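First comes the structure, then the notes that go with it.
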Amino acid sequence: MKSSMKMFAALLLVVMCLLANEMGGPLVVEARTCESQSHKFKGTCLSDTNCANVCHSERFSGGKCRGFRRRCFCTTHC
């Protein structure tokens, strides 16, 4: 009886380890996004598209309007 309980516990442990590995799936890592206020954008930022276009001219990957004062912030992967 004791050996069958030990065998059952060992088998249960192996099954749990296998299931834990299967549930994890591949690990995906996203790059961080860094922001910097645009130096060329003038005025209140009302359009993300306009902000992104100005940021592209500053060699950033994109841009968005942010904050209470609606400033253009350029974004890039860092």
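The backbone N, Cα and C atoms fix where each Cβ goes, glycine too.
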Record Swiss-Prot, residue CYS72, disulfide partner from CYS34, CYS51, CYS55: CYS51
Candidate in CYS55, CYS65, CYS78 joined to CYS74 through a disulfide, as Swiss-Prot lists it: CYS55
As recorded in Swiss-Prot, which of CYS17, CYS65 forms the disulphide with CYS45: CYS65
Of CYS34, CYS45, CYS51, CYS72, CYS78 (the disulfide-bonded residues), the residue whose Cβ has the fewest other Cβ atoms within 10 Å: CYS78
Structural state of CYS55 (disulfide bond), classified by DSSP into three states: helix
